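Presented below is the structure to which this report refers.
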Ligand code: NGF
């Protein structure tokens, strides 16, 4: 399960329904053009926290059907509704997903014992492996090194998607857990995370910029830091422009510019204005 995973975008029509044809095109673009090692399905980038259980299943099913065994698949099943998380974990496992991931439970201020019970309940219900999805800036859930250590006592918990800028903690985790998988979650920090020894990365911008992510990751692993840095600089010019214009909407417009039917974002995310659509096209022409 090492390597580069695209946090998969989902195509929705203007009424917010899943556009199956568009979703299949996004998947093909990632497998055939970006040539990533795998897909991270129903994460934040898939707009997962705005859709129903049935829609989540539909996305898992379509993705597996399109990919077959061409690349690795991780199913993000996390939900504050643990019963839903278990139902999705069973569904994705039956479909043949290679690993599961679950966001730390958010909104209520769960204590660590509750968080631990959440992970163990999900993963012990299925014959699969779990990657913790840690994204403190969105969930407000910060876990310490010793808390990760306690979660990792369950051998079915095999790694973490580390979407944070705390590189002191990342370094401590790399040293403490040499056998666990650590994925970088911030694309704009991929070089620094790779230097610290992550096993892979999971990124939204890989939907359009997967080739540069591959170059950064491999050059850094080979110790060619200056070359990797030059590509990270261009990548971050791209990411900064995308973030300024509206992250997911702009990535979708770029995909459309490349001929992929990426559709719209789900409400309450708003549509881009015509000015912002023009900016997205400029970004696409300039960088991709
Ligand atoms: O989009 C977010 C969260 N994070 C993604 C990535 O961690 C994937 C990251 O690529 C992800 O969280 C998911 O889909 O579950 C950023 O978009 C990127 O580095 C730009 O900041 O906001």
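Cβ coordinates come from backbone N, Cα and C, glycine included.
Those TrEMBL annotations? Automatic predictions, nothing curated.
Annotated active site, proton donor per TrEMBL: 133, in sequence order. What TrEMBL lists as active site, schiff-base intermediate with substrate is 161. Feature annotation from TrEMBL assigns aceneuramate binding site to 44, 45, 163, 185, 187, 188, 204.
The aceneuramate-binding residues named in the record, 44, 45, 163, 185, 187, 188, 204, extend over a maximum Cα to Cα distance of 17 Å.
Ligand 1 lies under 6 Å from the Cβ of the following recorded positions, listed in sequence order from 161, 163, 185: 163, 185. A Cα-Cα distance of 10 Å separates residue 44 (aceneuramate binding site) from residue 133 (active site, proton donor).
Taking the C-alpha positions, the distance from residue 45 (aceneuramate binding site) to residue 133 (active site, proton donor) comes to 13 Å. Rounded to a whole number, the distance between the Cα atoms of residue 187 (aceneuramate binding site) and residue 161 (active site, schiff-base intermediate with substrate) is 12 Å. The candidate set comprises the recorded positions 161, 163, 204. Of these, 161 has the most other Cβ atoms within 10 Å. Applying an 8 A CB threshold to same-chain residues 6+ apart, the list for residue 188 (aceneuramate binding site) reads 232, 235, 236, 239, 240. Residue 163 (aceneuramate binding site) sits 8 Å from the residue listed as 'active site, proton donor', taking the CA atoms of both as reference points.
Other Cβ atoms within 10 Å of the Cβ of residue 45 (aceneuramate binding site) number 23 in total over all chains.
Other than the site residues 44, 45, 163, 185, 187, 188, 204, same-chain residues with C-beta atoms no more than 8 angstroms from the centre of those residues' C-beta atoms, the aceneuramate site, are 7, 186, 202, 203, 205. Cα spacing between residue 185 (aceneuramate binding site) and the residue listed as 'active site, proton donor': 9 Å, rounded to the nearest whole number. The secondary structure of residue 185 (aceneuramate binding site), as reduced to three states from DSSP, is coil rather than helix or strand.
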